[in-house]
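Colleague: According to Swiss-Prot, the protein carries these features:
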type    : residues                                            : note
BINDING : Thr12, Thr13, Ser14, Thr266, Gly309, Gln313, Gly410 : ATP binding site
BINDING : Thr12, Arg82, Glu83, Tyr134, Asp244                 : sn-glycerol 3-phosphate binding site
BINDING : Thr12, Arg16, Thr266, Gly309, Gly410, Asn414        : ADP binding site
BINDING : Arg82, Glu83, Tyr134, Asp244, Gln245                : glycerol binding site
MOD_RES : His230                                              : phosphohistidine
Amino acid sequence: MEKYILSIDQGTTSSRAILFDKEGKIKGIAQREFKQFFPKSGWVEHDANEIWTSVLAVMAEVLNESNVGAEQIASIGITNQRETTVVWDKHTSRPIYHAIVWQSRQTQGICQDLKEQGLEDKFRNKTGLLLDPYFAGTKVKWILDNVEGAREKADNGDLLFGTIDSWLVWKLSGGQAHITDYTNASRTLIYNIYDLEWDQELLDILEIPNTMLPEVKASSEVYAHTIDYHFFGEEVPISGIAGDQQAALFGQACFDRGDVKNTYGTGGFMLMNTGEEAVSSKSGLLTTIAYGLDGKVNYALEGSIFVSGSAIQWLRDGLRMINSAPQSENYAERVESTEGVYVVPAFVGLGTPYWDANARGAIFGLTRGTEKEHFIRATLESLCYQTRDVLEAMEKDSGIKVNNLRVDGGAVKNNFIMQFQADLLNLGVERPEINETTALGAAYLAGLAVGFWDSKDEIANRWNLEKEFQPDMIEKDRERLYKGWKKAVEATQVFKLEDE
């Protein structure tokens, strides 16, 4: 009987279940979207119960569509939208409030208060993170402060907190396991990534009782088993967990110090494996945990690009310049260059290394000769310029010279972007055969724990290159183009509209 790993990929807009065979090939995929809630401007929430039912639905669908029985599942791996926060009653398993999503800015006031108290360096030095609404800790505090009766229930030990991985393990196991893994813990703003434990001082500052916290485990071990009535009569081990970007790093077999992957999704996320050393950043990068495996923890530097693939959606849906994302490649290749046009897509501010929340998008270099093709090409090029910004920050902070870049995400299908990226970085850009690297990473972690795969070496040998893009631009042109981008970003940061 052939066995498979079931990977649950719980994302920001949809839940997916993907079956992988022993070769790391995809046997089947199922996907289901769920509702987004926007109670106030800048707030984003999900219904944690709807996330759970969507996961149940896609698990059933992928088994059914693939004609695979539950008894053929060797283990389950989970990868998840990071930082999104659920607080639930441990007796009823009912959430006491919506899940507050990573994008949500509703804890801006809490973060501002903490900064004004001079606490930013304390949080940074213990967690590797910035004091930002992005991370989970302030979301927990917000729920306890704003939901009636929550603070009292928490103090009585009746409430549990978890990121989405914890919530799904709790539900799949029928409440037998309240756990998370190192990667998700490292995104909470209350986990000390150096001591590898929840930080009591930070918990006290945010007034979070430690009875709420999940136990932190390795990214690959048997945490619990499914209860049979949640998994079609079978008790299957749940044995791999990683936050989505760390899972992609693992799925790309970036196991060595200095290995880098960039995900071109809605936003862009670059991670560099820094080995067993946690590198502090002076360039606006985050220090985080890459994975915990074999009794050791690997660290990573992470850079965030707020607008990546969503810039192409903007061309399609906002400006209606193109009918489909693939069309952008065709338009970009019709012209030799942008003729000096730069698009800075700072629609929601600038991420790494600028961290300018008040910057807004801008276009520079327009002339009467500017045509649609130049504009589209400049928008695609902006993804690559932002990637170079982050990579240069990583090389500076780590002291590591990067030799190549592994890529994944929706925009990597665009050959123009990949070639321009190689030209701009003067590096080989490696596109893998399997683009589902996030789900694959979770599957690998789950499979290693139960002997489905033997070692990281075996996994590294399974990584297959679909295409490598080699640089084909002279240095003078490369540096002239990048210098123009830096001037465009600088001008964008100067232009600020004051609030009325």
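The backbone N, Cα and C atoms fix where each Cβ goes, glycine too.
Keep in mind the model is a prediction, meaning the values are calculated, not measured.
Describe the structural context of these features.
Modeller: In this structure, Thr13 (ATP binding site) belongs to neither helix nor strand by DSSP; it is coil. There are 12 other Cβ atoms within 10 Å of the Cβ belonging to Thr13 (ATP binding site).
Here Arg82 (sn-glycerol 3-phosphate binding site) comes close to Trp102, Thr163, Thr183, Asn184, Arg187, Gly243, Asp244, Gln245: these same-chain residues lie at least six apart in sequence, with C-beta atoms under 8 angstroms from its C-beta.
Under 8 Å, Cβ to Cβ, and six or more positions away along its own chain, Gly309 (ATP binding site) finds Tyr264, Gly265, Thr266, Gly267, Gly268, Ala325, Leu383, Gly409, Gly410, Ala411. When secondary structure is read from DSSP and collapsed to three states, Gly309 (ATP binding site) falls in the helix class.
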Colleague: C-alpha of Asn414 (ADP binding site) to C-alpha of Gln313 (ATP binding site): distance in Å?
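Modeller: If we compare the Cα positions of Asn414 (ADP binding site) and Gln313 (ATP binding site), the gap is 13 Å.
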Colleague: I'd like the number of other C-beta atoms within 10 A of the C-beta of Glu83 (sn-glycerol 3-phosphate binding site), please.
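Modeller: Cβ-Cβ neighbours of Glu83 (sn-glycerol 3-phosphate binding site) within 10 Å number 25.
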Colleague: Go through Tyr134, Thr266, Gln313, the listed binding-site residues, and name the one with the sparsest Cβ surroundings, counting other Cβ atoms within 10 Å.
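Modeller: With the binding-site residues Tyr134, Thr266, Gln313, fewest surrounding Cβ atoms within 10 Å: Gln313.
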Colleague: Given the binding-site residues Thr12, Thr13, Ser14, Arg16, Gln313, which one's Cα is the least distant from that of Glu83 (sn-glycerol 3-phosphate binding site)?
Modeller: Thr12
